Amino acid sequence: MTAFEHFYEFFVPDHYQLFFDIDRAKKEITGKTTITGTAKQADIAIHQKDLTIASVEVNNLAATYTVDDEKEAIRISLPEAGEVTITIAYKTKLTDTMMGIYPSYYEVDGVKKQLIGTQFETNSARQAFPCVDEPEAKATFAVSIRYDEHEGETILANMPETKCVDGVHYFDTTVKMSTYLVAFGFGELQGKTATTKSGVKVGVFGTYAHAAKELDFGLDIATRAIEFYEDFFQTPYPLPHSWQLGLPDFSAGAMENWGLITYREAYLLLDPDNTSLTTKRAVATVIAHEVAHQWFGDLVTMKWWDDLWLNESFANMMEYVCVDAIEPDLHVWESFQTKDVPAALHRDATDGVQSVHVAVEDPAEVDSLFDAAIVYAKGARMLVMVRALIGDDALRQGLKAYFAKHQYGNATGADLWTALGDASGIDVGAVMHSWLEQPGYPVVKASVQNEELILTQNQFFIGEGSDQQRIWQIPLASNAKDVPELMTERTLSLGNYTELRAKAGEPFRLNVGNNSHFIVQYDDTLLADILSQVSDYDALTQLQLLQDLQLLASGRYVSYATLVPLLFQFADSTHAIVNQALYNIADEFDLFVEPNTEEEANLKQYYHKLSHKNYTRLGCAPKDADTHDDQLSRPLVLQAALYGGNKDAITEAHDLFTAHKDAIIDLPAAVRAAILLNEVRAYGSEALFESFLQTYRRSSDANFKQDLQVAMTQSKEPVILEAIVAKFKEADTIKPQDLRGWFYGVLANPLGEQLAWDWIRTNWQWLLDTVGGDMSFTSYIQMIARVFRTSERLAEYKAFFEPKLNTPGLTREITMGINVITSRVSLITAEKEAVNKSIAREI
Ligand code: BES
Ligand code: ZN
């Protein structure tokens with residue numbers, strides 16, 4: 001690795017005065033930045049990207065400088081090291097890449113509007129103003145902004161506005177913070193505010209394309225989340241306000257700018273009168289995540305980007321801890337188990353996956369190293385493991401000390417382990433090491449051999465994997481007594497099985513609570529024992545059993561065909577998370593059937609049988625007497641019943657649609673997608689499509705729009721699918737931020753696969769230019785690998801992507817994609833017959 005320059009080593013900024021003059025009409029920004037700081041040597045460098053520098057002054061005298069575009073730098077030669085004031089005047093552009101300072105586009109009553117916002121993480125602050133754009137270079141910021149302002153506009157920034165003189169808005173100087181957290185936004189905004197018990201002013205802001213009531217839920221959650229963390233961390237929120245701003249165009253999901261958190265509208269605003277539990281969970285957890293960062297990330301910041309994982313994993317864990325405390329009725333840990341855990345287990349089973357912690361020098365690589373399933377989901381799982389190990393008291397005490405020690409400064413993972421270790425007396429770092437520095441995770445085989453219960457750990461792979469003989473420190477969490485807490489060797493004997501089983505009084509299990517990142521393969525004896533009592537187990541245990549079996553089947557450790565009859569043991573479950581796991585598996589059976597074949601008809605019949613009883617119980621429309629689980633199960637069961645051709649379901653869904661024909665947004669949100677989909681599938685027409693598309697264009701309700709998208713992309717009409725693909729580049733209809741969902745929808749539709757695949761190959765450069773800078777750009781490559789299932793497609797995938805293997809940031813994704821498709825193709829070849837036979841037997 002070539003040594004990478006950290007500009008912070010040459011120049012330590014202390015204070016920035018930032019002035020922006022923004023002309024939306026011309027898309028032009030004129031800026032002036034004054035930085036005071038300490039030069040460690042005479043030759044220093046300051047970051048800039050796409051800035052046209054007009055002048056550089058050092059201590060008020062014109063200075064010599066060179067612009068080094070390749071290194072995104074301005075190099076300045078100072079007369080000498082020491083205290084210095086540098087003033088840089090420049091011009092730049094408002095770009096449409098959702099990075100730096102950028103416009104969001106939207107309409108109110110048919111009138112086109114713009115909202116200006118910012119997105120600086122990871123390294124786009126330098127695109128807005130010259131700065132030492134490294135997390136360690138913390139400084140204070142005094143921001144002032146003038147813009148082509150008109151009546152009725154509002155401007156927000158990290159700190160409160162202190163005055164407005166001659167159209168220039170001046171904001172209070174910030175506390176010491178990193179450049180990537182600076183933010184502002186302006187336009188025609190509506191807002192609602194509240195105050196926390198400790199006096200922090202909290203606000204939610206959005207465009208007037210939304211009803212005022214859509215701000216309420218977010219405001220309530222943000223306010224109580226701040227109160228929760230102030231108590232949990234025993235550290236006050238350090239700023240006077242916490243603004244939440246919804247931006248119509250947003251590349252990520254949300255961003256924790258200090259004091260001014262920005263959100264994709266879908267993750268902030270919701271209609272309190274018609275929103276599903278799932279969406280409420282998503283919004284609440286995203287808010288709680290960003291608010292957690294106000295301490296962990298903003299107050300104490302990672303020293304370098306290699307610890308970005310810790311920043312994100314921590315916030316990802318805390319979002320569940322917080323929402324579970326402030327809104328227990330949402331049962332958010334269930335989402336952790338049904339979303340994060342399987343995402344991590346699945347992704348982490350593919351050879352070539354990154355470890356949670358990756359050494360990274362070049363900031364340009366940071367975003368491409370950002371594998372969400374690993375960084376967020378696996379990382380959070382690691383921290384959940386730590387939390388289970390040390391308990392909440394030690395966690396809180398350790399965090400309090402960590403914040404006190406490092407506030408307004410930076411820290412590393414090791415600093416956190418030290419703080420948690422001091423608080424708990426457990427060497428947290430040592431346990432974590434094997435999990436953070438190694439990719440993948442183990443499958444523990446539990447088997448009875450010669451009366452002895454033997455555990456063996458090996459790395460678990462889906463597809464080809466090169467076994468590196470890795471060993472993990474596995475918290476076993478067994479239900480049997482006398483089983484060691486940690487498994488640290490390859491094999492472990494637990495002694496005589498009969499005795500152990502008798503003492504335990506129940507079937508032997510590992511990873512009780514599913515808090516640790518491994519799966520278990522029980523031998524036939526042990527599995528039969530567990531399955532004989534499966535209906536007595538709690539929902540989480542049942543979910544875990546199904547999840548582990550699904551992974552084992554995907555990795556060919558067990559046959560997929562054995563899962564076909566097994567699902568009936570769970571099919572009538574009233575638990576939503578069990579239904580979720582069940583239908584996740586059933587959905588995989590689709591891999592083994594071709595469209596319009598007898599096998600497909602059998603699979604539908606199988607779905608009908610699986611869902612029949614629960615559908616009869618739950619029906620199509622939500623009911624007042626619904627339990628939490630009913631609300632969450634219904635959409636799953638309804639989808640299954642509709643796919644299974646359940647006549648009652650199809651008619652009831654259609655009737656519900658007809659009853660809401662004039663305002664389909666008012667369909668009950670939890671089942672809206674299923675009902676719209678049913679309409680498209682069973683009663684579709686071009687007229688229906690046109691009306692859905694018009695509705696989509698006009699709506700500003702992100703959840704509703706997504707439901708429409710799901711329905712439209714599942715059309716059975718090639719002409720409609722062609723019409724959709726033809727709109728992919730039309731930002732007035734499909735915003736670039738939403739394209740991913742549309743693309744995936746068409747691609748995953750067997751009738752659209754070719755169209756979407758052709759489209760992306762033809763428009764690759766356009767896609768790169770438009771959303772190539774997004775932190776999750778590689779998800780486009782991932783989605784294709786998720787869908788392809790034939791050797792022909794594999795060859796096409798290789799032909800297209802292999803020449804791009806050396807593109808920085810794409811290498812890993814492409815390699816993993818090839819592995820994923822290859823293993824799927826061989827899974828299908830090997831198991832197709834057995835699975836279809838098993839399905840035919842069960843219907
Ligand atoms: N800080 C991240 C967003 C981010 C990460 C932007 C890396 C640029 C580079 C933010 O806190 C975040 O995690 N956002 C998530 C949403 C979240 C609640 C899971 C996202 O954008 O997906
Ligand atoms: Zn985050």
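Glycine is treated like the rest: Cβ placed from N, Cα and C.
Features reported for this protein in TrEMBL:
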type	residues	note
ACT_SITE	GLU290	active site, proton acceptor
BINDING	HIS289, HIS293, GLU312	Zn(2+) binding site
DOMAIN	12-181	domain 'Aminopeptidase N-like N-terminal'
DOMAIN	217-435	domain 'Peptidase M1 membrane alanine aminopeptidase'
DOMAIN	510-820	domain 'ERAP1-like C-terminal'
SITE	TYR376	site 'Transition state stabilizer'
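Annotated features taken from TrEMBL, shown on the structure.
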{"residue": "HIS289", "record": "Zn(2+) binding site", "Cβ contacts under 8 Å, 6 or more apart": "ALA254, ALA315, ASN316, MET318, GLU319"}
{"residue": "GLU290", "record": "active site, proton acceptor", "Cβ contacts under 8 Å, 6 or more apart": "GLN244, ALA254, MET255, GLU256, ILE261, TYR263, ALA315"}
{"residue": "HIS293", "record": "Zn(2+) binding site", "Cβ contacts under 8 Å, 6 or more apart": "GLU256, ASN311, ALA315"}
{"residue": "GLU312", "record": "Zn(2+) binding site", "Cβ contacts under 8 Å, 6 or more apart": "VAL375, TYR376, GLY379"}
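Sequence-ordered, the extra residues of this chain that approach the Zn(2+) site, with Cβ no more than 8 Å from the Cβ center of HIS289, HIS293, GLU312, are GLU256, GLU290, ALA292, PHE296, GLY297, ASN311, PHE314, ALA315, ASN316, MET318, GLU319.
Summarised as a single figure, the pLDDT of the domain 'Aminopeptidase N-like N-terminal' (12-181) averages 97. Secondary structure at GLU290 (active site, proton acceptor), taken from DSSP and collapsed to helix, strand or coil, is helix.
For the recorded site, TYR376 (site 'Transition state stabilizer'), the DSSP three-state label reads helix.
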